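In what follows, a structure is listed as structure tokens, so that the remarks can point back to it.
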Amino acid sequence: MEAISLTAIGLGLIVLGAALGIGKIGQSAIEAMSRQPEISSKIQTAMIVAAALIEGVSLFAIVVAWLVD
Amino acid sequence: MRILFIIFFLLVTSLNLQASSEHAEEEGAVDAFGLIMGHISDSHQWHVIDYTNRHGHPVHISMPLPVILWHDNQLWFYSSDSFFHAEHPVKIGNDHLVLEDGHFYLTDHEGTIIRDGQGSITNPSPLDFSITKNVASMILSMLLLLLIFLSAAKAYARYGMPPPKGFRAILEPLILFVRDDIARSQIDEDKADKFVPFLLTLFFFIWINNLIGIVPFFPGGSNLSGNISFTATLAVFAFLAINIFASKDYWKHIFIAPGMPFPIKILLVPLEFVGIFIKPFALMIRLFANITAGHIIILSLISIIFILKSIYIAPVSVLLSLVMFMLELLVAVLQAYIFTLLTALFIGMSTSKTEH
């Protein structure tokens, strides 16, 4: 039981971190887009790339947590 | 388009579907974990449907797939059907074969499986080149892609470049999107067009396999793009594309790190070197985990009905899984886009001339 609950806590922490990061990216991207709508497509690409990088790290952590469990 | 449907129909109807009736398994708790794991992992037969017939016997219908093994310097061909309903182990040369947990093992003539202390099987196993469910699904998606794009190419060759009609009207914006918004916006102008065929292949191959994966019934439903070997192969191709065409500047910045003080170089060079491998590794994990997670979530939502054994939970569960299916449709194209975009980005980083 001990190991299972530790994995669950780890997964929760991963989700927290990833959500915080992606949320901040989305927030600043939307702010930037509303300031300069004419370059919104460029901002969108940059946003998706940054979100994908965070997602990559968090998925990596999830897979490791799953394997260690 | 009509040809496509006809071929799909032929493929589905001409399959040698085999029904087998077995005695009822023990009633009781539904093994949701086993069901989900069975779905997301590869298999030697392509499961179609299970139902209970008029006499109360459960019927399993699945499509047998070819089993190809390398043993004693010789290739052996079987139908996977001979392993699922066999009473005795199948002969292979002087040895015998048993299918256990999705792997083939060599055994004695009684099919004895030897396990060690941890429960893992110690029997030797032959090299397995079988057409498994994932491989069959990949062949299907390749045929579909060939049909779609060869017919589109033929139409362009015949009619030239007037505004596209029919199915080409969907393809053309997508292809232009990959060329203009992915390749040309990330890679230097003069080199971008060289990588467009590779990026197009990546994009459409990942997308169509994601889509086939979320079709819940027979010709779809295999978890191909959620299979780590599949994404690893794609990542290896991305790795080669990134590094083979890399400029001198790219290697110089990795191994020499110009303009840095020496102590920082000691830190930076190993990091940059590991970074070469981490980039495709992250591509591999991202696609694998996203698609597998989607499959697991949908199956878990459906399994809730059978875990709680209540029909009243069914509307909630079906509605939630419908929403997840919608999300998966989006994820299917988004992951194909992200994989292609990041590959293009890395190629652009490695091929560009850096401005100092």
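Just so you know, glycine gets a Cβ as well, placed from its N, Cα and C.
Listed in TrEMBL:
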| type | residues | note |
| --- | --- | --- |
| SIGNAL | B:1-19 | signal peptide |
| TRANSMEM | B:135-157 | transmembrane segment |
| TRANSMEM | B:195-218 | transmembrane segment |
| TRANSMEM | B:224-246 | transmembrane segment |
| TRANSMEM | B:295-322 | transmembrane segment |
| TRANSMEM | B:329-349 | transmembrane segment |
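The stretch in closest packing with the transmembrane segment (B:135-157), judged by the count of Cβ pairs under 8 Å and taken from B:195-218, B:224-246, B:295-322, B:329-349, is B:195-218.
Same-chain residues lying 6+ beyond the ends of the transmembrane segment (B:224-246) with a Cβ under 8 Å from its Cβ atoms: 40, 42, 134, 137-138, 141, 191, 194-195, 198, 202, 205-206, 209-210, 212-213, 276-277, 279-281, 283-285, 287-288, 290-292, 294-295, 335, 339, 343, 346-347, 350-351. Using a Cβ-Cβ cut-off under 8 Å and counting only residues 6 or more beyond its ends in the same chain, the transmembrane segment (B:295-322) has close neighbours at 30, 32, 35-36, 39-40, 213-214, 223, 226, 328.
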